[in-house]
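The structure under discussion appears below in the form of structure tokens.
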Amino acid sequence: MTVLHSVDFFPSGKAPVAIEPRLPQAAFPEHHHDFHEIVIVEHGTGIHVFNGQPYTISGGTVCFVRDHDRHLYEHTDNLCLTNVLWRSPDAFQFLAGLDQLLPQEQDGYYPSHWRVNQSVLQQVRQLVGLMERAGDGMDAPAVANREILFMQLLVLLRRSSLMEGATNNDAKLNQLMAWLEDHFAEEVCWEAVAEQFSLSLRTLHRQLKQHTGLTPQRYLNRLRLIKARHLLRHSDHSVTEIAYRCGFGDSNHFSTLFRREFNWSPRDIRQGRDAIIQ
């Protein structure tokens, strides 16, 4: 597995934060690093496999990667990221208690992926721009200024994430997409889902297409197929059982959609034939 080292990314041996844009981010094999990372998805779509679990990411996704996490990107489509790298909580001179602003693992579950709306994403861009222009002076005021900007970024993300709730259409769509991550295997009536999240059906279709480039049903199918591929690789369930577990009522239809999405059949994935090009 590829290991990325801080010496290759941080401007100096003492700098606690670095900005690393990926415009665009191509598919990238599984790796981990000796620093922490906040991944901000500007736009585009892709699959982020995080500690073996697949997530569909799009503009507004924010992922918190710790120094022991492993992850990779695949099936990227114009995926543009801004990575805010930071060494460790004890690398800062003026900041303490950062863990209170970061997602925390509880009972083995780590809420690594948050979502923010487009208005907040614009504020994030402005803060990142200030961080990039802050210079690399090591006198106390310069260091404090850079650390303050990093703290402002964490506060903005924390306040604006799904954890804090919101009422505008962007936030409602973010909540809907998070709901689909947990309920993808259920029969989905888009009219009922739109009503559940206080969106008109037309707004749901338009905004989901703007965020992901996919219609609602196409997005749901991709989500189901990604989850199915994970089960094919990491479980002993039959192809038919996996199809049903992931919301497909017909295993033949599932196999057709699967091959169309990944250019491999479910059986190919089960037998590891795709591993050669991973």
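Using N, Cα and C of the backbone, Cβ positions are placed for all residues, glycine too.
Keep in mind that this is a model prediction, so the values were computed, not measured.
Per-residue pLDDT, averaged across the DNA-binding region (191-212), gives 91. Swiss-Prot lists 191-212 (among others) with the feature DNA-binding region, giving sequence analysis as the kind of evidence.
What Swiss-Prot records for 239-262 (among others) is DNA-binding region. Remote same-chain partners of the DNA-binding region (239-262), defined as residues 6 or more beyond its termini with a Cβ less than 8 Å from a stretch Cβ, comprise 184-188, 220-222, 224-225, 227-229, 231-232, 269-270, 274.
Taken from Swiss-Prot, the feature domain 'HTH araC/xylS-type' covers 174-272.
Positions annotated as site 'Interaction with sigma-70' by Swiss-Prot, on the basis of sequence analysis: E241 (among others). Taking a C-beta cut-off of under 8 angstroms and a sequence separation of 6 or more, E241 (site 'Interaction with sigma-70') has no same-chain neighbours.
Under the heading site 'Interaction with sigma-70', Swiss-Prot lists D250 (among others). DSSP classifies D250 (site 'Interaction with sigma-70') as coil under the three-state reduction.
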For D250 (site 'Interaction with sigma-70'), nearby residues of its own chain (Cβ under 8 Å, 6 or more apart in sequence): A243
Folded-back contacts onto the DNA-binding region (191-212), same chain, C-beta under 8 angstroms, at least six residues removed: 45, 56, 58-60, 169-170, 172-173, 175-177, 179, 219
